[in-house]
Amino acid sequence: MVNSNIRIKENSQNSAESQRGEVGEIDTRAPFQSVKAAVSLFGEVALKRKPTIRRNRTTSSENVIDKETQLLLAQKEISRIKHQLEGAETTKSKALSELEKAKRTVQDLTTKLTSAVESKRHAIEATEAVKHKAKHLERVKSQNLAGTKACKSELDTTRDQYRIAAAELDAAKQELTKIRQDFDATLDGKLAAFQQAAEAQRTAKVNAEKAGELTKQIEGMKVSLEHLKATSLQAQEEHARVVEEKGRRIKECKEAKEEAERKLAGLRREYDPELVKVLEVQLAEATGEIEVLQEEMKRVHASDMDSVKVVTMELNEATRTLQRVAEEEASHREMATNLRKELDGLRKERTTLEGLQEELERTTSALKVAQEGETAAICEMLSAPRKITMEIEESLKEAEKMRSQAEEYRREIEASRKAAEEAERELQAALASVELAKSAEKGVVEQVKQLSGKPEEKVVGSGWIKIPVQEFDTLTMKVEESTNLAEMKMAAATFQLEAVNAKRVEAEKKKEAILKEIEEVKAATEEALRQAEMAEAAKRTLEGELNRRRQEEHDQAVAEET
């Protein structure tokens, strides 16, 4: 029954639909079979209609993404630089705080070390006292075998005090070791801070070098700018000269044209046909010349305009260059100012660090002095007599050496005196040979005069003698030989005398230096003897004090025994 009803309804619907379609009514059927078909249909239409819009959107979105990425990278770079600056500031502040902490630690360690040294000294004194007391009690115990209970109790208390003092001494040693470890750690921190300060100083030096290079570049730009200014001024002067020449030529052309027009007007008034033809020819020639001048003026004007354009372009370029140079100079000045400020800050920090370093060194030296004070005093007292004795022996050896050198210099002076006397004797001999040469020369002159008395020789005037050439050459050679020999002897004697004088002066200087050294050695010897006497007196005083204490202990022991 149900199936039959459905079929009937379908048939009735189909028949009704066919009748409606035939009548021309509106089709109200569903245009899509399903939602999927509608989506696919509209998706295809959208894909067909809007391909270009999507491309434009993709390109614009890509540009936006690129710009955003660039912006993000720039922001990251800025943030990185800020973090670096913050890190540098924090490092600087940490270094300063560590320096302050190190300073406080050094002060605390100094106080602790002072207290530890005091406690150590007290413990050592207590230990020594306990030892002396224990030894005394042991001696008393050995002397009195049947000692009382009071002595035993006193011995026990003394032993307890000795144990307490030993424990205090161990504690003081441990505290001193801990203080030394803390001090080493503080020194390591101080060294790290100094390294950071040195790195900052190196960076400031590099920045100063960069500032110097930028200053040199600015100076070079200024020089080029001055050159450009001079070139532009020269171009402007050339342009003014060309314009003036152009105006002069235009004025000449105008005057020539006016003169031609006046002549033409006068000739027209006279009106001679032949003259008119001649004038027309002249006018044509003048017109041609005027056209040539106009063409030349146009070319000059064009060249002037080109030169003006070139000069204008150069001037504009120079102006832009000047602006850029001014901007760069301003930026460089600002950079240099910032670098100077940073350099001043680094210098202040460096002075602060140097002051802290000096204070640390003073503290270190104080610690070393505090640690080495006791042993140094004892060693000095023990080694002073031996050292003074050695110094005295060395002074005596040096004085003996000086005496031997003085004797040697005396012998040298004596030898130099003998050499001077020998040189003086040689000088006297040389002078005597000179006198002999002079007398020989006089004898030669006399011989010449005698030879001139021959009958074949003639006297020409007063004082002039005529002799043969060979005899004259022989006499001249003899005179020259004697003169040269005398001069050589004189020079040798003078040289020897100067050498002897120089040696004598040098020997005198050495003698004075040796005498001065001998005086210094004597003074040092006297000072060493004085120190030896003082050390001997101190030694006697110390021995007397030790003997006095021993006597007091002996008297006290005897009194206790009685």
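Even glycines carry a Cβ here, placed using N, Cα and C.
Range 1-28 is the one annotated as region 'Disordered', of 1-28, 57-84 (source: TrEMBL). TrEMBL assigns the feature coiled coil to residues 155-182, out of the candidate ranges 127-154, 155-182, 211-238.
Counted with DSSP, the region 'Disordered' (540-562) comes out as 22 helix, 0 strand, 1 coil.
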